[in-house]
């Protein structure tokens with residue numbers, strides 16, 4: 001019976017690692033304390049897998065920050081600014097790379113493929129001196145062995161490591177990262193040799209970039225690299241693991257003919273087409289690690305369907321060469337359903353978190369080996385049947401409304417320039433109007449009131465009174481600062497997705513369903529289990545209250561359908577776009593109710609639109625089409641005089657600029673303060689943009705307070721490429737995480753800068 005887990009969450013069932021890390025960073029505990037918590041977490045994970053009967057148990061998938069950063073440490077590829085010279089890399093250098101320190105900034109962080117996890121991007125160039133500088137992989141293998149568990153050490157493969165890196169500052173952008181292969185392979189050889197000496201019999205090399213669109217020379221790099229490693233790998237069983245998508249036919253050919261490799265791992269949940277490649281030809285005598293249990297969602301596996309896939313594969317590769325596995329590391333799912341005391345039994349029976357997925361993998365492996373647990377299989381079938389037939393899942397009215405969307409592309413009746421004219425007559429804004437993105441600082445006191453209201457310790461009346469006072473404070477502050485379009489500050493909201501999910505039907509919430517986003521930061525995605533609808537207005541009460549406090553325009557604040565979708569665990573029993581259209585219809589109801597309630601400016605945030613972009617270019621057009629369409633559905637019914645804003649985080653904006661224009665918002669504000677130049681280059685290259693646009697004029701992620709001169713200088717740079725009648729002036733993101741002592745002077749300087757430039761433009765006329 002052969003079962004395998006690609007990787008496991010590190011945070012712990014109750015976020016133990018998060019708290020240990022933050023305590024260490026705050027100087028409240030020692031490195032020994034942190035190492036003890038880490039060792040206990042690892043021991044529990046190995047024990048859990050071993051007791052479930054797992055044959056191939058991973059080690060070295062634990063990390064204090066990130067597995068790519070662990071690889072950078074292993075290779076000694078520390079950027080010079082951290083002052084590392086030689087020797088074993090300690091926590092100080094490691095965390096400086098991840099988080100920066102008092103004197104130097106952190107390394108860049110970016111999304112890991114199309115997940116919500118982020119990795120630390122290696123900074124490489126021709127002068128990097130590589131050396132074997134972190135023995136973590138070997139140490140963790142030995143640590144597990146001492147506990148009586150023989151593991152499969154996992155390394156990020158050499159080619160993926162280089163292709164996930166970037167050229168360091170000062171290195172030519174055209175520098176070929178793959179030219180560093182001959183320099184890093186000697187370190188990989190040292191690590192592999194040590195693992196062999198320590199007793200390892202299997203090793204796993206993760207090469208997920210194989211699922212991307214790779215040019216021929218990149219595929220050749222795999223062939224060359226593994227040929228170079230072949231003699232070092234001999235005597236070991238070597239698994240090359242891929243995940244997150246179908247593997248292209250050319251890459252499949254390259255992968256399955258690599259020298260020195262005994263086993264290949266595939267994601268058969270997101271990569272269903274890979275099955276056809278395997279059936280058409282699989283190298284004789286090699287192992288197939290079949291990822292049939294979803295590592296990226298929280299739904300219980302369909303045992304009957306998985307078993308039939310596995311039986312078909314058995315016919316191709318042979319009984320003794322098939323291993324049951326997860327589709328990818330379980331890092332991307334919640335940890336353990338046992339800790340969910342608030343979820344009702346029906347919904348709970350439909351779910352499987354990481355701990356349950358270990359059980360699923362082993363149950364499937366046993367069934368393949370002829371030891372099927374009939375009770376477990378029939379319980380699984382019953383849970384799936386209950387999910388299919390539950391009235392909580394299906395809402396006829398929503399299904400009908402969503403089906404009726406097919407006929408139209410939901411555009412507003414008039415074009416954007418005519419709408420902007422109509423809005424200007426109504427709103428009467430100065431040129432370079434100022435606004436903020438939505439949230440204002442959330443004080444300790446504010447969070448306390450919200451928490452106590454949730455725990456029913458504070459009456460609704462007292463809660464509303466406290467929120468009203470907070471909103472009044474925020475409105476008065478903005479009037480005093482002379483901001484043009486105001487916000488209410490969102491004191492009543494905990495999170496931009498959870499706040500809406502809690503008021504929509506079809507959503508469920510976990511108590512401990514945390515997933516690592518980066519470092520110690522975790523998110524708790526809502527679970528979308530059924531058809532989505534909006535039983536009653538969600539934000540109108542607060543927005544209308546805020547508008548009644550001022551004669552200036554008050555912006556309504558909503559989260560867009562695509563962002564709600566991309567930041568949730570989404571149902572897997574219908575296509576994602578159908579769920580997205582349902583959310584869009586619910587937000588559409590809210591937009592129209594805000595308009596009726598006297599709100600003339602409504603912002604619909606799509607921070608995560610770019611995040612959902614599929615890994616393969618061939619799938620981009622379809623995704624962008626339904627994502628942008630979903631946004632348009634939310635606001636196609638408003639009057640010309642109602643101004644629709646959206647906010648997006650700058651994320652390789654330039655490649656989707658035409659889709660952004662197609663969203664047809666009246667005004668778009670953009671988080672770009674760290675990448676002005678990249679963003680503005682699109683407009684410099686002649687992309688015609690006629691709607692309002694507010695590229696963030698200062699970075700709210702830093703406590704630094706920019707001067708009015710600095711902000712004016714940025715606005716002038718923007719005016720060099722954008723028309724003055726469409727430019728807005730705003731920070732780049734919400735102010736929730738900042739302190740009022742930072743926010744007040746920064747906003748004052750921002751308004752002063754806008755006024756200065758207005759008077760310069762007026763006198764130039």
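Placed from the backbone N, Cα and C atoms, the Cβ positions cover glycine too.
Sequence-distant neighbours of residue 701 (active site, proton donor) (same chain, six or more apart, CB under 8 Å from its CB) are 733, 737, listed in sequence order. As annotated by TrEMBL, active site, proton donor applies to 701.
TrEMBL lists 18, 116, 521, 522, 567 with the feature 5-methyltetrahydropteroyltri-L-glutamate binding site.
Applying an 8 A CB threshold to same-chain residues 6+ apart, the list for residue 439 (L-methionine binding site) reads 487, 489, 490, 493, 734, 735, 736. As annotated by TrEMBL, L-methionine binding site applies to 437, 438, 439, 490, 605.
Cβ-based neighbour count (10 Å, all protein chains) for residue 649 (Zn(2+) 1 binding site) stands at 19. If you look up TrEMBL, you'll see 647, 649, 671, 733 marked as Zn(2+) 1 binding site.
The Zn(2+) 2 binding site feature in TrEMBL is assigned to 658, 662. If you draw a 10 Å sphere around the CB of residue 658 (Zn(2+) 2 binding site), it holds 10 other CB atoms from the protein chains shown.
Annotated domain 'Cobalamin-independent methionine synthase MetE N-terminal' per TrEMBL: 3-316, in sequence order.
The feature domain 'Cobalamin-independent methionine synthase MetE C-terminal/archaeal' is assigned by TrEMBL to 432-755.
A distance of 23 Å separates the Cα atom of residue 567 (5-methyltetrahydropteroyltri-L-glutamate binding site) from that of residue 658 (Zn(2+) 2 binding site). The average pLDDT for the domain 'Cobalamin-independent methionine synthase MetE C-terminal/archaeal' (432-755) in the predicted structure is 92. Residues 437, 438, 439, 490, 605 make up the record's L-methionine site, and a Cβ search at 8 Å around their centroid adds 436, 487, 496, 557, 603, 647, 734, 736 from the same chain.
Put simply, residue 438 (L-methionine binding site) is 10 Å from residue 647 (Zn(2+) 1 binding site) when counted between their Cα atoms. Here the C-alpha separation of residue 521 (5-methyltetrahydropteroyltri-L-glutamate binding site) and residue 662 (Zn(2+) 2 binding site) works out to 34 Å. Of the listed binding-site residues, namely 18, 521, 647, the sparsest Cβ surroundings within 10 Å are found at 521. Among the residues 18, 116, 521, 522, 567 said to bind 5-methyltetrahydropteroyltri-L-glutamate, no two Cα atoms are farther apart than 20 Å.
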